[in-house]
């Protein structure tokens, strides 16, 4: 009984709410085998054919490429694209792609050479000996993405599943009307599809593998059963035909009874789903060593003379495929990429086939019917009854139309699979899916802007924090630099502390004198002498500093000389105004005269050693010479008027006369060496010379008188 219940449970299927049963229209194209299409002359390969960022270009204009050669590098979620045939890269520029608004995206344009040469292919027939990481990396680098319509990178999806996948589901439902690409692929390539499923199972190691297929594909079901006859690891589940049973969440619930939570993924409940075409592409990438360069595309519609399924190279213009199938356009002809419910109308026919292109529908006017005018919503709730995601389409419609993004998000607009069932049953002909697509795009743009604002705020706060840290570090460095003395100050402080400690030690150490011995004061005397020597050295250093400052400043020297002359003049006046009874001592006068002469000589030397740029003024020199001669004359008069008993020493007089003559001669030389532009007056020089000769003659006469 338990075995019977287990078998019943194993084959049980569930049914989801909502859904519709539109005309299938599949017999137009599923009756003929897959066929090849002649190569186009030019291929346009968009760099972004998947969910995620585009890869990095690795070719340049003018490069020769082979079929399967990478055109971009894939890192992370960036999926590479490959050359669909051999030829020459003629341009790398924006081009319209498979998008409702025909947005231009960066594309590589290749002119085919007609040879269709492959790159060297290295297949892994022994893939079971390869590690999981190696297989995932090969699948990713060979450009395999979800071919069921989403275009999510397969390698990233397998990597994200990890070890938590318990059920691997292969989606073979293909529920949308007109599309028969997967049906025909399973009829013609069932063995290769099953081999690709086994590769996926080897990577994921799930507990069960389920193939879900609708009962409107009897030939494909027969082929799969024939291939799976001897295997028990893969279960084929035939489900009732109902749109949209091919949705990921809907098929997961049909086969397992598990519901994917709102905002979650199927991997959250241990389920991973892949499309039939993706499994076939995995087999070719791993075992055959062929990157994805082509896929099966359904060409159908009453405007096509030879409908069917073809192997279309990626990058082939849509116009080329339709012309090969006998396209007979009518007035206002419409071409839809995808199915009638989830597809979109192409703005023009030069867009290329990409990885997510599964159908090209060219309906006639009879198939489309008359266009219906959009009317107001009557709140009939037919859309809510048909919604397979258990949403409220009429409420989402009002929120989308009123730009109420928060309420639309609260009502789980992100869970809308855009199946078009609500628009199919709407009696008011409201294109609900278009409103929902626009609303989701606006919400995504708002979130992207909020993300950028948050990142900018984080960068600003990080910058402010960094500036505060740097400021605090600078203040700390300044504080530590102020607290710690310089190296010289440290040495001086250490020396002073050492001296203080030495003095304290000497003061505290008792002096012991033995009986009969004299105290030894040599240490004290030596210390005293050292202090005296230190004081003398310091005084000499200060004197040298003052002398250097005095010599360096000629103006200061001149001021000091003027002060000395004023002092001498004042002294002479005091001597002249002295009481007559107090006669001037000739010796004292001679000493003062000698001191005055020494001061004058010292000042002259300082002036001569001054900076060369400040030359001696000849007029000042002449004035000083005249003053010196006047002082000498005055001293001689004082000596002559001295007491007769105290006669002047003739030798001193001769010496003084010689000194006076030398000073006069020196002053004449200074005047001669003065600036050439300021010439000495010859009359003044003659007068000075005459005065000097008179002084010398007078001194000689005085000498003779004294001898007599």
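Cβ from N, Cα, C; glycine included.
Per Swiss-Prot, the feature [4Fe-4S] cluster 1 binding site maps to 377, 380, 383, 426; the stated evidence is sequence analysis. Feature annotation from Swiss-Prot assigns [4Fe-4S] cluster 2 binding site to 387, 416, 419, 422; the stated evidence is sequence analysis. According to Swiss-Prot, the feature domain '4Fe-4S ferredoxin-type 1' maps to 369-397. Annotated domain '4Fe-4S ferredoxin-type 2' per Swiss-Prot: 407-436, in sequence order. If you look up Swiss-Prot, you'll see 599-686 marked as region 'Disordered'.
Sequence features annotated in Swiss-Prot and their locations in the structure.
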residue: 377; record: [4Fe-4S] cluster 1 binding site; Cβ contacts under 8 Å, 6 or more apart: 394, 397, 398, 428, 430
residue: 380; record: [4Fe-4S] cluster 1 binding site; Cβ contacts under 8 Å, 6 or more apart: 427
residue: 383; record: [4Fe-4S] cluster 1 binding site; Cβ contacts under 8 Å, 6 or more apart: 393, 394, 421, 422, 423, 425, 426, 432
residue: 387; record: [4Fe-4S] cluster 2 binding site; Cβ contacts under 8 Å, 6 or more apart: 17, 18, 393, 421, 422
residue: 416; record: [4Fe-4S] cluster 2 binding site; Cβ contacts under 8 Å, 6 or more apart: 389, 391, 396, 436, 440
residue: 419; record: [4Fe-4S] cluster 2 binding site; Cβ contacts under 8 Å, 6 or more apart: 243, 244, 247, 341, 342, 388, 433
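Listed as Cβ neighbours of the domain '4Fe-4S ferredoxin-type 1' (369-397) (distance under 8 Å, sequence separation of 6 or more from its ends, same chain) are residues 16-20, 244, 247, 249-250, 408, 411-413, 415-417, 419, 421-432, 435-436, 439.
Cβ packing within 10 Å was compared across the binding-site residues 422, 426, and the lowest neighbour count falls to 426. Under the DSSP three-state reduction, residue 383 ([4Fe-4S] cluster 1 binding site) is assigned to helix. The average pLDDT the prediction assigns to the domain '4Fe-4S ferredoxin-type 1' (369-397) is 92. Same-chain neighbours of the [4Fe-4S] cluster 2 site beyond 387, 416, 419, 422, judged by a C-beta within 8 angstroms of the site's C-beta center, are, in sequence order, 18, 383, 386, 388, 389, 391, 393, 417, 418, 420, 421, 432, 433, 436. Look at the domain '4Fe-4S ferredoxin-type 2' (407-436): DSSP puts its residues at 17 helix, 0 strand, 13 coil.
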